[in-house]
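Colleague: The structure follows.
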Amino acid sequence: MTQTHSTELFKPNRAFAKTARIKNLCEYEDLRLDAEEDFEGFWGKLAKEKIDWMEPFSKVLDESEAPFYKWFVGGKLNVCAQCLDRHLDTRKNKAAIIFEGELGDSRIITYRELFYEVKRTANLLKNKFNVKKGDRVVIYMPMIPEAAFMMLACARIGAIHSVVFGGFSAEALRDRIIDAEAKLVITADGAYRRGKPYMLKPVVDDALAEGACPSIEKVLIVIRNKEEINYVPGRDYIYNEMIGLESAHCPPEPMDAEDPLFLLYTSGSTGKPKGVQHNQAGYILWAQTTMEWVFDVKENDTYWCTADVGWITGHTYIVYGPLAMGATTVMYEGVPIYPDTGRWWKMIEHYRVNQFYTAPTAIRLLHKEGKEEPKKYNLSNLKVLGTVGEPINPDAWNWYYNEIGGGQCPIVDTWWQTETGGHMISPLPGATPIKPGCATLPLPGIFAEVIDEEGNPKPAGEQGYLCITKPWPSMIRNIWGDPKRYESSYFSTCKKNGKPVYFAGDGAIRDERGYITITGRMDDVINVSGHRLGTAEIESAIAKHPGVAETAVVSRLDEIKGESVYAFIVLKPGYEDNVAEELQLLKEINAVITREIGPLAKADTMLFVPGLPKTRSGKIMRRILRSIARGEEITQDTSTLEDPAIVQKIQQLA
């Protein structure tokens, strides 16, 4: 899939713009200049307006230990109270969460009901599982409301939650439990996917087998699909049997603005996943502010983000952001094509969804598999469409804009990351003329620049490093337990005025208007269906197969997923030159990847090769392999390779 970008601009819908929070580019420019002229004043004003402080902050920003920035120093708050307690006077009977299961079961949970459910859950964690402020709790759950209950309950009592995507393997789950030194695992028996039950509890059992996670004291299980599970007496407890016995009185714990709120593990360019640490005040401020600015959600709107709570998009734009601003957020358990490709459009019609936020992968899939399906449904309540996780190609953009949005809904093509906490570059739906496939302009207060390593701006049309040159409140605070890796991962590539700045890992191009187009990763991370996978992590998994001598993994462009995994594999003696065995090897190696990481990381293509292109110092030249995988001309200098002839040999096999 080649990424070509239109130069045509789509102006905001005038009727929409009249009632938008930011109505035109002049208002955007005023906010941008406010941040430029009085940086701390800009953020301090937002924090005072939007957060219900238990104690006021004394200092907006402390840069004394940069890049370990501290925001809203001295302030105290509770994120759960920000999401629930403060809405009870005016919104107690408003729907907070609308849940639909894949089999069609549904629940509407009001703010009052959610408030009481979360307080009971918080008491259960405190009283029965001895979870205290600062303890880590791993949540390995499907897309059901109880996942949100658990996150908010942790926030209420000051525990640090770490949600692990339910598609990850036992090994991946174990690694995250060990790194976080978690006290408790919360899971479900299972859930439903593609109309069938799938299991989560056995994965937890495997992760904890043979005392592999000594920090874990107990396992709390939510019963969802009622399939038979293994029950370990003294360790395993059923949430559904215990929650009704708990009191609904649980005052929120006052938390320092810089206390950790959650950890979320993300792939890095080295093998070990990074525990991205987000803290209290800055995170919730930007989650709420971007909900208001980017989606322009109004009091009576229904908002739906199709992500999973196991990813940052689910944290910020299913749970924390919508609830902090008092919105109605939709949660859906299953896949977009069950029982057919009209499932999402049927839900948009039924729940009268006004803002819809999804990944380009899903749009491409539905465009390919059910192009005419949207015509069967009334989608006229939609006001804003959004995309997240990867760049969107113009064909998919045009179908989304015309067929789903009826040519009336602005598309907010949002660029941000696990590490940024919330949107960084995005159109504002009432203000920004939209360019298909382009993230457009940095949000007010965000100083995103396309520069070289020394901080010099790249000329218009020329690719450079996408860097954020000033701190922002929702930024990553640390990599859990590894401050050196935090500095080396994010602040060692680029400088501005001699000072290290945050490098996002992405390349970008800025045009004459100042619009920013993301060109893709500049490090060894693959973006599959909007999910980041580290090449080193996949390579480590493949290397565990006894027949593999050496491997290198790169990305290949994919029409549906954006990128797919392409593995070049050197086999050990005795495994080569046997076609029948090679087919079996392909299955076995993907089984290893699934076991070690999860099915998302499986290689779509494997090529058995006699060797890999290496420099004389032993470094594998992945850019050459990426060019081969994508069928591109090799422009890199191969004369410095240890064996220049290996490139031609690999090309012939590919």
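From the backbone N, Cα and C atoms, a Cβ is placed for every residue, glycine too.
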Colleague: Return the residue out of Asp506, Asp511 that Swiss-Prot annotates for the same ATP site as Gly389, Glu390, Pro391, Asp413, Thr414, Trp415, Trp416, Gln417, Thr418, Arg521, Arg532.
Modeller: Asp506
Colleague: Could you give the Cα-Cα distance between Gly195 (CoA binding site) and Pro391 (ATP binding site), in whole Å?
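Modeller: About 30 Å separates the two Cα atoms.
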Colleague: List the residues of the same chain that sit at least 6 positions away from Ser529 (CoA binding site) in sequence and have their Cβ under 8 Å from its Cβ, in sequence order, or write 'none'.
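Modeller: The list for Ser529 (CoA binding site) reads Ala359, Thr361, Gly389, Glu390, Lys561, Gly562, Leu600, given in order along the sequence.
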Colleague: Using a 10 Å cut-off on CB atoms, tell me which of the binding-site residues Gly195, Thr313, Pro391, Trp416, Thr418 is the least crowded.
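Modeller: Candidates: the binding-site residues Gly195, Thr313, Pro391, Trp416, Thr418. Fewest Cβ atoms within 10 Å: Gly195.
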Colleague: So if I draw a 10 Å sphere around the Cβ of Thr414 (ATP binding site), how many other Cβ atoms end up inside it?
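Modeller: Result for Thr414 (ATP binding site): 24 other Cβ atoms within 10 Å.
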Colleague: Looking at the binding-site residues Arg193, Arg194, Lys196, His545, Val548, whose Cα is closest in space to that of Thr418 (ATP binding site)?
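Modeller: That would be Arg193, nearest by Cα distance.
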Colleague: Determine the Cβ neighbour count for Arg193 (CoA binding site): the number of other Cβ atoms within 10 Å of its Cβ.
Modeller: 17
Colleague: In angstrom units, rounded to an integer, how far apart are the Cα atoms of His545 (Mg(2+) binding site) and Thr414 (ATP binding site)?
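Modeller: Here the two Cα atoms lie 39 Å apart.
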Colleague: I need the CA-to-CA distance for Thr313 (CoA binding site) versus Arg521 (ATP binding site), whole Å please.
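Modeller: With distance taken Cα to Cα, Arg521 (ATP binding site) is 19 Å from Thr313 (CoA binding site).
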